[in-house]
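To start, the structure itself, in structure tokens.
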Amino acid sequence: MKSMLVVTISIWLILAPTSTWAVNTIIYNVGSTTISKYATFLNDLRNEAKDPSLKCYGIPMLPNTNTNPKYVLVELQGSNKKTITLMLRRNNLYVMGYSDPFETNKCRYHIFNDISGTERQDVETTLCPNANSRVSKNINFDSRYPTLESKAGVKSRSQVQLGIQILDSNIGKISGVMSFTEKTEAEFLLVAIQMVSEAARFKYIENQVKTNFNRAFNPNPKVLNLQETWGKISTAIHDAKNGVLPKPLELVDASGAKWIVLRVDEIKPDVALLNYVGGSCQTTYNQNAMFPQLIMSTYYNYMVNLGDLFEGF
């Protein structure tokens, strides 16, 4: 009986997939792309990541931390057969690390230094399943935006240009390259995180990339503000009653002016995925009941910005 059990377990280990933690790899050919292909890539990523049973006011929500699969892989294919694979947490789309083909038939993995414990082991074995060809080159800094900005040598990521050509070029500076600086790595990560994870979370950021598809551009104040308030926006939409937020949400528009959001339909066009929030939420609401709120919101924003205008006098 014992011998049969050992044989059964051995066969299972041989036949089992290398990693049961990651969903199918989403592949995006950065080196040969179009606006339509970029949009399809982001939709594929959203569909792989979202919890199909969770939705608030028609906006899909990501799963909680206990839901399997736990991770999503995104393979970015650059020019000249250069590739980099990002590993994302499925529940929030945070980039945990990445891998690239290295030397002859080797897989080199890079992990942020704020990823620890079993998660760190998961990143290593998921990105590079074959232990015999695995090579480590750790990221010597954490994944927070302030750290990435500092390592990239800028005060704000608004100074780091985004764009398809820039992402393609940055892949070439990392993939298979023996040695590169922390600045080069941080610049690549700032661009990749915003054009993959942030664009998957926000339609507004996706549209910024599509509008500037054939040229480099600097992210505007609204882009940065959305990135920093995704959790707050998700909670506000989840807790809204008949489309009205529980309290005014103070955001920033593209020009940097205050933007006060009172209703779900004001922010909904900008949001593609909600961060996970526990508990039930409304899936739809009565549009006709929102007209008084529309008037109130217009008046509220007018008075707020009028107050800012006279503040300097």
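Glycine is no exception: its Cβ is also placed from the backbone N, Cα and C atoms.
What Swiss-Prot records for 1-22 is signal peptide, and it gives experimental evidence as the kind of evidence.
Classification of C281 (disulfide bond) by DSSP places it in coil, neither helical nor stranded. Per Swiss-Prot, disulfide bond is recorded for C56-C281 (among others), and the stated evidence type is experimental evidence.
The active site annotation in Swiss-Prot covers Y94 (among others) and rests on similarity to another entry. Taking the Cβ of Y94 (active site) as centre and 10 Å as the limit, one finds 14 other Cβ atoms among all the protein chains shown.
The substrate binding site annotation in Swiss-Prot covers V95, S143, S197, R201 and rests on experimental evidence. A simple way to gauge crowding: the CB of S197 (substrate binding site) has 25 other CB atoms within 10 angstroms, across all the protein chains here. The DSSP secondary structure for S197 (substrate binding site) is helix.
Look at Swiss-Prot and you will find C107-C128 (among others) tagged as disulfide bond. Under the three-state DSSP scheme, C128 (disulfide bond) falls in the coil class.
Sequence annotations record features per position, and here Swiss-Prot assigns active site to Y145 (among others) based on similarity to another entry. The secondary structure of Y145 (active site), as reduced to three states from DSSP, is helical. Summarising the environment of Y145 (active site), the number of other Cβ atoms within 10 Å of its Cβ, over all protein chains shown, is 15.
A simple way to gauge crowding: the CB of E198 (active site) has 23 other CB atoms within 10 angstroms, across all the protein chains here. Residues annotated as active site in Swiss-Prot, with similarity to another entry given as evidence: E198 (among others).
The Cβ neighbour count for R201 (substrate binding site), using a 10 Å radius and every protein chain shown, is 27. The active site feature in Swiss-Prot is assigned to R201 (among others); the stated evidence is similarity to another entry.
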Query raised in the report: Which chain-mates of C128 (disulfide bond) that are at least 6 residues away have a CB under 8 A from its CB, listed by sequence?
Result: S99, C107, R108, Y109, R134, V135
Requested in this report: Tell me, in order along the sequence, which recorded positions from C56, Y94, Y145, C281 have their CA within 10 Å of S197 (substrate binding site).
Outcome: Y94
Report task. For E198 (active site) and C281 (disulfide bond), determine the Cα separation and express it in whole Å. Result -> 23
Report summary line: argmin Cα dist to C56 (disulfide bond) over the recorded positions Y94, V95, S143, Y145, R201 returns R201
Report task. Specify the nearest of the recorded positions Y94, Y145, C281 to R201 (substrate binding site), where nearness means the distance between Cα atoms. Result -> Y94
**Report entry** Distant-in-sequence Cβ neighbours of C281 (disulfide bond), under 8 Å, six or more positions away
**Finding:** C56, Y57, I237, H238, D239, A240
**Report entry** Winner by Cβ contact number (other Cβ atoms within 10 Å) across the recorded positions C56, V95
**Finding:** C56
